[in-house]
Amino acid sequence: MKIKSIISALILVLSLQSYAQDNVFLNRDFWSNKPSVEDVDIQIKAGHDITQANSNNFDAVVYAILQEAPNETIQYIQSYNGNDVNKLTHDGRTYIFWAAYKGNTEIMQYLLKKGAKTDITDDKGNTILNFAAGSGQTNTKVYDMCLAHGANLKSDLTPSGANALLLAAPFDTDFKLINYFTSKGLDIQSVDANGNGVFNYVAKTGNVEMLNQLLKKGVTGNNQAFIFAAYGTRSHTNNLDFYTYLEGIGLNSNTSSKEGKTPLHILAARSKDLDLIRYFIKKGVDVNQADADGNTAFLNAAYRNNLEVITILNKQVKDINTVNKKGESALALALKNNTYVVVDFLIKNKAEVSVIDANGNNIIAYAMDSFNANNQKEFQQKIALIKANGIDISKPQANGNTLFHLAVLQNNLDLVKWVNTYPVNVNAKNSEGNTALHLAAMRAKNSDILKYLVSIGAKTDAVTEFDETAFDLASENEILKSSKSNLDFLK
Amino acid sequence: MKIKHIILVSFLTFGLLSFTTLTDSTKYKCMIQMTNYTGEAAYVVISLINPDGEYEKTLYVQGDDSEWYHDITDWWKFYGKKRSNIDAITGATIAGGARTISVIDIEDSKINAGYSIRFETAVEDQEYYTKDVEFPLTSETVKSKKAGSGFIRYVRMMPN
């Protein structure tokens, strides 16, 4: 009897958990299948949450709009409490941004009637109209509606000073959008705050036919076209042929942007096309040039590219220990975000293991950032390598943070448990006067890490420089409060 | 004639110099304690607001990636035009639940003179609060604790 009820309780708990993880409404395919209002109701009754958002802040209504669910269904789910017409979703966009992006004017109309704000911008600084233009929306009724609701083509610019004409141009294949925006008063010779015009913007998509037509109309580009070509778009990267084309019309590939970024800065961060990388090196682009943040093409590659690209760039590197403005070296960046083989390569090429960044963190803090509970092998390999190179990992950072502090900041119990295999004082205070238990009390999402720290000897009576105990801090923690966690073990 | 000019200029220069050295200022600690919200770390901008409610000076910026500064919308309208160098008063973004102590410098003439201090917050994918915390600068408030209305739980201010 008892066992049965335990089992059923377990099943209940497990199934509830799987609901949270597998909310059918956060599955794009559900919406692609054109669900009716009734289909949605069945899933709501089955316990799926129609108002939940995923970790990227996409929710059911956004996915329904993006996957072109029936408009009746979109309206129905938007009317639920918790899906307010001005709810902020991914990148700070409300539903009307997504409707405009998809060219769904019927839903735009519906949202406007329900009071959708039109004077807002998203996290990237786009108005609704500019967001739609920047995705190349060809349904110009979207723009008409925005203009009727207060949009201003001349004054509504992105943070880099681009207007809708420049934003839409890369996606235009037949001058439909360019002609639309010029008919509304924008100049085909418009430039952004850095002097980039339509030609440079179209270089993003590498549409040679359009570029040739623009040249015939007297719309020319400049060397910055190479920067735009290197950025490409979400779905398009340019190949060597296109860069050769730009060179052929008299542009110079050895160029950099106002922020000091060269085409290599951009490609080093995202392209695995070795021919391209070699092309720019051959043209004289300097791998060692620092941009406004102090990053070089090599630092960008160390952070997120593969060993082949890093090896090619490394041959041009003057000093492998160059750091950016934050004091991060190629090794620190690779430890944080790249693979063990890249880290190993850098150390073998004389990357300094004793480097300290501008905040007083050594490379262990960077390695801790890369901990992944599902792939601990890479992490263990990195740590072993650091130790083999003479770094004492149980020693605190210059700012007083111990491995326990760093692990708690990751909010990861597995990592905290791993730290406990080293001789580290769990009660050490950092330079701000906080113990690991204090930090955990402030930032914990549940009481697991707190309980574990207490179980291995963390003192509950230690106080911060403001005289607060871990109990005081945990009692203020909104998440622990709302889950009504019992915090008596901290008293 | 020329000498007179030089004397006049040097008087002016001395006058200006002594004037700037005479403006006394005090350093304050601002402990910003965030609510334990879920999501990316927050940008927090601390500004001096004049008696007319306008931005007078940027006192501190927690958040060092200028690419996102435009999201701190109202401050950006003030700062974005000139983009003065703020490297010396720039720190890291503050995560949910975390706290940071920013040391800021305020001229003594701004205390008890109708000026306010503003803490403005923005988080990726989420809200933006122009006045997460804002209070008048008086000899009382510069050593007090004020509750926030957005991502900030409270700010504790005290002379350094």
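Residue 1 is the first one shown; counting continues down the chain.
Including glycine, each Cβ sits where the backbone N, Cα and C put it.
Just so it is clear, the model here is predicted, and its values are computed rather than measured.
Per TrEMBL, signal peptide is recorded for A:1-20.
The repeat 'ANK' feature in TrEMBL is assigned to A:91-123 (among others). Long-range contacts of the repeat 'ANK' (A:91-123) within its own chain (CB-CB distance under 8 A, at least 6 residues past either end) are made by residues 57, 61-62, 65-66, 68, 71, 74-75, 78, 85, 129, 131-132, 135, 137-139, 141-142, 145-146, 149-151.
Proximity of distant same-chain residues to the repeat 'ANK' (A:259-292), defined by a Cβ-Cβ separation under 8 Å and at least 6 residues beyond the stretch ends, is recorded for 226-227, 229-231, 237, 239-240, 243, 253, 298, 300-301, 303-306, 308-309, 312-313, 316-319, 322, 324. Summarising the annotation, TrEMBL assigns repeat 'ANK' to A:259-292 (among others).
According to TrEMBL, the repeat 'ANK' annotation covers A:326-358 (among others). Remote same-chain partners of the repeat 'ANK' (A:326-358), defined as residues 6 or more beyond its termini with a Cβ less than 8 Å from a stretch Cβ, comprise 293-294, 298-299, 302-307, 310-311, 314, 320, 365-367, 369-370, 378, 381-382, 385-386, 389-391, 398.
Mapped onto DSSP helix, strand and coil, the repeat 'ANK' (A:399-431) counts 14 helix, 0 strand, 19 coil. According to TrEMBL, the repeat 'ANK' annotation covers A:399-431 (among others).
Annotated repeat 'ANK' per TrEMBL: A:432-465 (among others), in sequence order. For the repeat 'ANK' (A:432-465), the DSSP-based tally of helix, strand and coil residues reads 16 helix, 0 strand, 18 coil.
Residues of the same chain lying 6 or more positions beyond the ends of the repeat 'ANK' (A:399-431) and with a Cβ under 8 Å from any Cβ of it are 359-361, 364-365, 368-369, 371, 373, 376, 393, 437, 439-440, 443-445, 448-449, 452-453, 456-459, 462.
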